[in-house]
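The following features are taken from TrEMBL:
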| type | residues | note |
| --- | --- | --- |
| COILED | 146-173 | coiled coil |
| DOMAIN | 189-289 | domain 'Fe2OG dioxygenase' |
Amino acid sequence: MELTMGSLPVANVQALAAASRDVPERYIRPEAGAHPGFADCGVDIPVIDFSRFLDPDSSRDESSKLHLACQNWGFFQLINHTVPKEVIEKMKLDVREFFQLPLEEKRQLAQVTGDVQGYGQLFVVSKDQKLDWADVLYLNTQPAPERCLRAALDNYSAELKNLADRLLEIMAKNLELNPDVVTDKFKVGIQSIRFNYYPPCPQADKVLGFSQHSDADLITLVLQVNQVQGLQIKRSGEWFPVMPLPGAFIVNVGDIFEILSNGRYKSIEHRVVVNTERERLSIATFHSPQSHAMIGPLQELVRGSGARYKTVNHEDFMKLFFSSKLDGKSFLDRMRY
Ligand code: OGA
Ligand code: NI
């Protein structure tokens, strides 16, 4: 089968949800099962306080907390970070406004064939695959935006890149990597932002807003736009809801980090469930190394144990990533020896 690096056109979910209470068969997923629902009890993922990195008295302590969080969880909440409240609030406002626009206007930013960028749905690669109950706006935001971006997006993108760079530096230090490696692989080269819109669904427990996946980047920072819970992470084979703290980013280690660290830090599978009554919005910002960086286990972390993953260039990485969407076999499994 031919490999498309884009997504096949399918129904707009927001319009579908507004038009009828019937949920088409293509969205019904056996594995959605009885999920824990929207209870107030979630799993308490570690909380990392960014301000403690800036204080010499507490930075060592917070760094080792971060190291343990990355090793044992792959997910943490980041509070007291550097992103100004105004930048976040303006971004939230704009994203709400965007999804409230009439369909015709949103479609001016529609995905074009062969590109995942734009407004639409993600990773639809075959005519019979199950579909996610969500619409997305996906944009490559760094380097040099190719689209004309609004100021809110520019600011948000720059602030998150800066924060991600600082986090990556601390994470690399925790792994005792030498500075050259850090400059080459642990600096944000590529950033993309995905605005996720999950309409309410009358059969919420039968569909998934975003089916099980891990993120294919170095680190992801997720901002929940409204107060509707939906993110679940997989831990010891079970799904646990994550309850974001106000103003926090949910941060997770991505596949590229897992590979570079030769498995020391894990990229954890997660998914999104939807609500029967309320829409949910989130902003996921993905950070990857520059496109010339080779993706493979770092020499200094391979010694003794041997490489557990292959080494590939950016182009082959993208090909493997998209083919994993085709056959449903996990991308990390394809990279593993
Ligand atoms: C993603 C993702 C989580 C969310 O976009 O990769 O996992 O809460 N999103 O929407
Ligand atoms: Ni994700």
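In case you wondered, yes, glycine gets a Cβ from its N, Cα and C as well.
Mean model confidence of the domain 'Fe2OG dioxygenase' (189-289) amounts to 95 (pLDDT, 0 to 100 scale). Helix, strand and coil content of the domain 'Fe2OG dioxygenase' (189-289), in residues and according to DSSP, is 9 helix, 46 strand, 46 coil.
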